[in-house]
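Asks: Would you mind keeping the following structure in view while I ask a few things?
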Amino acid sequence: MNALISLGNAYVRIFTPSSLLLMAAGVSVGIVFGSIPGLSASMAVALFLPLTFSMSPSMGMNMLVAVYIGGISGGLISAILLNMPGTASSIATCFDGYPMAQKGEAGKALGFGIVFSFLGSVFSFIILTFCAPLLANIALKFTPAENFGISFFALTMVAVLASGSMLKGVLAGMLGLIFSLVGMAPIDGTARFTFGSSSLMAGYDTLPTLIGIFAISEILITAESMGHGKMETIKMKPIKGFGFTWKEFVYQIPNAIRSALIGTGIGILPGIGGSTSGMLAYVTAKNMSKHPEEFGKGCPDGIVATETANNATIGGAMIPLLVLGIPGDGVTAMMLGGFLIHGLSAGPLLFVKNADVVYGIFAACMICITMMLLIEFFGIKVFVQLLKIPKHILMPLILVLCCVGAYATNNRIFDVQSILLFGLVGYLYHKFRLPTTPFVLCFLIGKMLETYLRRGIMQYKSFGAFFQRPIFDAFFFVAIGVVVWSVYKEYKMYINKKAGKASEQL
């Protein structure tokens with residue numbers, strides 16, 4: 001009851017024209033940063049952090065929350081329209097969003113993404129408001145063993161994502177795993193695969209890698225198509241409202257609830273992030289679907305799963321930040337800096353000493369996601385016009401933005417060189433019909449997997465001790481089951497294909 005009263009008072013305090021205007025500006029800037037390949041929510045928050053110096057602690061933190069929410073949601077725009085995820089969280093949105101856009105259903109794809117981004121955020125912020133202390137205490141009991149189990153489970157999703165040929169998927173994933181090992185090893189700092197280069201000591205950064213694999217490779221593929229005169233104009237279907245029917249919305253509710261739970265749960269665990277939750281939600285939706293063969297060809301279920309999960313991660317990531325003072329991802333790490341700038345100490349005492357700031361953040365979250373919904377809804381028809389811009393103008397512009405974004409990540413030319421390298425890798429994957437999803441998943445999970453494994457062995461002295469942790473056991477054996485089931489399905493498909501060829505010869 002006290003929480004509701006405090007929340008009501010917070011709404012009264014921040015529901016002023018100046019506060020609403022600043023939050024609307026924050027959400028809008030976040031959407032722009034999130035939608036441009038090469039920029040990110042992290043960059044947007046970093047840019048706005050100094051601007052909050054002159055604001056009150058409550059208003060300053062609300063501004064950062066607005067930018068964060070807009071930045072994560074904005075990634076779906078370029079993912080759907082250009083097959084270039086604006087943020088790492090929207091990687092899996094490309095898999096079905098772009099094929100829908102190619103079929104003239106860009107408005108419908110954007111509609112699904114926007115609405116379920118909103119609903120995923122609402123779900124996670126309700127959990128954040130009323131269950132934060134309880135959930136944070138549970139997450140605090142997770143040791144490196146449990147985190148390794150989750151990472152291992154995520155890694156085995158390569159077997160599921162490699163539709164058509166598991167061998168190709170495993171080969172594609174192995175290369176991603178190798179690239180994730182470049183640089184200094186976690187814990188002991190041993191240099192690996194650096195070949196004497198100081199630039200490689202820090203390894204390949206996530207953002208330049210993703211820009212290269214998705215954006216630069218798409219530019220190369222588009223340039224090749226233009227050279228051969230294969231570019232086709234897409235006839236857009238008329239858009240009404242959000243582009244989908246009430247029946248289609250109701251059908252997606254179980255998928256959305258499941259994905260929101262995955263996103264919030266992953267968000268609570270520090271260091272795992274929205275890209276992992278989006279992938280897990282996508283794979284889970286594919287496994288639970290009655291028509292898994294439609295995934296990757298323009299299935300709305302994939303967009304709903306990914307966007308619900310990655311936006312639900314926002315509220316989840318803020319739980320350990322506010323309750324324990326532990327950031328759940330890179331953006332909340334910057335927000336922790338925001339607390340320090342304003343003389344606040346994130347953690348259990350924040351709810352006692354600065355309850356007005358905490359409940360102000362809760363209220364701002366709900367207002368900002370409503371603004372996000374409205375801004376993106378009224379922008380659908382404008383966003384779709386991107387597809388009408390001539391490719392010979394759009395692609396060079398995106399290339400420049402990608403290079404600027406890559407350089408701005410760490411202020412080093414090496415990251416610009418990295419996007420060109422990974423752009424070539426993505427292009428070659430396309431030419432040899434290798435899936436890029438396993439590569440990206442293994443690259444993202446590889447570092448995490450090794451870090452948790454090393455920490456766990458240091459803590460428990462042996463890997464065998466991991467099996468004394470029930471949560472680790474659950475994830476580990478489910479992961480093994482997923483691999484076995486995928487191998488069985490692959491073998492069954494091979495036998496059926498062989499039998500079909502034999503019957504044709506007869």
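Each residue, glycine too, has its Cβ placed from N, Cα and C.
Per TrEMBL, the features are:
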- 20-441: domain 'DUF112' (DOMAIN)
- 20-49: transmembrane segment (TRANSMEM)
- 61-82: transmembrane segment (TRANSMEM)
- 109-136: transmembrane segment (TRANSMEM)
- 142-162: transmembrane segment (TRANSMEM)
- 169-187: transmembrane segment (TRANSMEM)
- 207-227: transmembrane segment (TRANSMEM)
- 331-351: transmembrane segment (TRANSMEM)
- 357-380: transmembrane segment (TRANSMEM)
- 392-408: transmembrane segment (TRANSMEM)
- 428-449: transmembrane segment (TRANSMEM)
- 470-488: transmembrane segment (TRANSMEM)
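Each of the listed features needs to be described in terms of its position in the shown structure.
Replies: For the transmembrane segment (20-49), same-chain residues at least 6 beyond its ends with a Cβ under 8 Å from one of its own Cβ atoms are 14, 59, 62-75, 77-78, 82, 84-88, 90, 207, 211, 214-215, 330-331, 334-335, 337-338, 341, 364, 367-368, 371-372, 375-376, 398, 401-406, 408-409.
If one looks beyond the transmembrane segment (207-227) by at least 6 residues along the same chain, the residues whose Cβ comes under 8 Å of a Cβ in the stretch are 37-38, 40, 82-85, 88, 91, 94, 179, 391-392, 395, 398-399, 402, 405-406, 409, 415-416, 418-427, 429-430, 436, 439-440, 443.
For the transmembrane segment (331-351), the residues of the chain that approach it from at least six positions outside its boundaries are 41-42, 45-46, 49, 52-53, 57, 60-61, 64-65, 68, 71-72, 133, 317-318, 321-325, 357-358, judged by C-beta separation under 8 angstroms.
Tertiary proximity for the transmembrane segment (357-380) is limited to same-chain residues at least six positions away from its ends with a CB under 8 Å from its CB atoms, namely 3, 6-7, 9-11, 13-15, 20, 23-24, 26-28, 31, 57-58, 61-62, 65-66, 69-70, 73, 77, 107, 110-111, 114-115, 117-118, 121-122, 125, 128-129, 239, 242-243, 315, 318, 322, 344, 350-351.
With a threshold of 8 Å between CB atoms, the same-chain residues lying at least 6 positions outside the transmembrane segment (428-449) that come near it are 88, 91-92, 95, 147-148, 151-152, 154-155, 157-158, 161-163, 168-177, 179-181, 186, 203-204, 206, 209-210, 213-214, 217, 221, 271-272, 275-276, 279.
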Asks: Near the transmembrane segment (109-136), which residues from the same chain, at least 6 beyond its ends, have a CB less than 8 A from one of its CBs?
Replies: 3, 7, 69, 73, 76-77, 80-81, 93, 96-97, 100-101, 239, 241-244, 249, 252, 256-257, 259-260, 263-264, 267-268, 298, 300, 303-304, 307-316, 318-320, 322-324, 348, 351, 362, 365-366, 369-370, 372-373, 376-377, 380, 383-384
